[in-house]
Amino acid sequence: MLRRALLCLAVAALVRADAPEEEDHVLVLRKSNFAEALAAHKYLLVEFYAPWCGHCKALAPEYAKAAGKLKAEGSEIRLAKVDATEESDLAQQYGVRGYPTIKFFRNGDTASPKEYTAGREADDIVNWLKKRTGPAATTLPDGAAAESLVESSEVAVIGFFKDVESDSAKQFLQAAEAIDDIPFGITSNSDVFSKYQLDKDGVVLFKKFDEGRNNFEGEVTKENLLDFIKHNQLPLVIEFTEQTAPKIFGGEIKTHILLFLPKSVSDYDGKLSNFKTAAESFKGKILFIFIDSDHTDNQRILEFFGLKKEECPAVRLITLEEEMTKYKPESEELTAERITEFCHRFLEGKIKPHLMSQELPEDWDKQPVKVLVGKNFEDVAFDEKKNVFVEFYAPWCGHCKQLAPIWDKLGETYKDHENIVIAKMDSTANEVEAVKVHSFPTLKFFPASADRTVIDYNGERTLDGFKKFLESGGQDGAGDDDDLEDLEEAEEPDMEEDDDQKAVKDEL
């Protein structure tokens, strides 16, 4: 009997030893307890992270806050995390290629976990999970329930319908199903109508900023409601942070105007107020974003726009379509009137894209590898009598650093050639209309001709590979730019130094 009891205790101890630990209400998972956690929890959100990842560090307190909130509510949803650098088998199994990667598991299903796509604040996480595990809109039986919903999040939407089976109510529910990161409620209770000053059916968006609420006007259709929410769910001016980035770059509005403003500047409040005043005229058309130009985490954003801290305050506009295009105001005045005028002229198509360029170094052509900037690119690359091979690089790029000595040797090889030029251009500081650079390094060949031909190089990055390409007139090693981009994306996650810059590239 004693032996059996001891055996049971030993088995129980082993089970407990392998059970997930908790850190700030977040389950700590490993390969040894991952399956057990999936079996124990109907809904499980898992973050695959790396200890060195800045984005993961920024997410950690919000992730823990969300976990604590759900646990306190007695929810069936649990949050967990996996150190992907230690648990490489799990990371590979679930296709982790960047950090953080967050996946949602339902009923232990490991075949098709859902990718988490919402923001990185606690409310965003909780709202997304509740929408994934519950009804599209919560039924609100009384004023207390409605007030609780409104107070629970930065933004909430309530549909007021005297008949919740009406066509309008059904359109409302369809809109609710389409949005993951905002809580929706629906009510037919007359007291709730009175509480929020409604005497007929309607939809109201409640928010803890700007005007506080927006009443929907017009025909209640899914499309109209989604458009209404898109126009009103973000503040007139939203600060760019680690937490707000997914809302900014994942939203429907792809034209962004950015105010680079140090919070330490003496007239900070006045300049921000001017920016906000201008924003009132462009809701739903242009997203107004404020960036603290003094903050260390934002320096690479400044670099992307060719700005230095001492040049701020400054305004820039960017379109986030397939080809990102930047625009610069003609005036440096940051009054509401000037910013409004700039936005109107942009929307009317009267503003030309802004292309960055460094100053041309005096010795740009004194070395075997010629230095190109925006100002001399056209003259050199499209010289009808020269075959020009150009490396478009970024100073921070690990692949570019590896290529540098080989590229220098290539320059030495052809320094005395009468019609072959080896060149390089820093694409983080220089832009040209003729070439769009999507990854680093990008290698392009400009053969001697009058038709402005551009050939992408996608061969081996070796001296012999480059020489064969040049001696073949740009044939041996030629390939599509898309192929090169795929190669870079496959390689980059292994380069830790590129993590932050890759995030900037992905977001911008």
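Yeah, the Cβs are placed from backbone N, Cα and C, and that goes for glycine too.
Among the ranges 141-144, 357-360, 413-416, 505-508, the stretch that Swiss-Prot annotates as motif 'Prevents secretion from ER' is 505-508. Note on Ser88, Ser281, Ser331: Swiss-Prot annotates phosphoserine at Ser331; no matching annotation appears for the rest, which is not proof of its absence. Taking Ser152, Ser427, Ser439 one by one, Swiss-Prot attaches phosphoserine to Ser427.
In this structure the C-alpha atoms belonging to Ser331 (phosphoserine) and His399 (site 'Contributes to redox potential value') are separated by 39 Å.
Rounded to a whole number, the C-alpha distance linking Lys271 (N6-succinyllysine) with Cys400 (disulfide bond) is 40 angstrom. Ranking the modified residues Ser331, Ser357, Ser427 by how many other Cβ atoms lie within 10 angstroms of each Cβ puts Ser331 at the bottom. The DSSP breakdown of the domain 'Thioredoxin 2' (349-475) into helical (H, G, I), extended (E, B) and coil residues amounts to 31 helix, 28 strand, 68 coil.
When secondary structure is read from DSSP and collapsed to three states, Lys271 (N6-succinyllysine) falls in the helix class.
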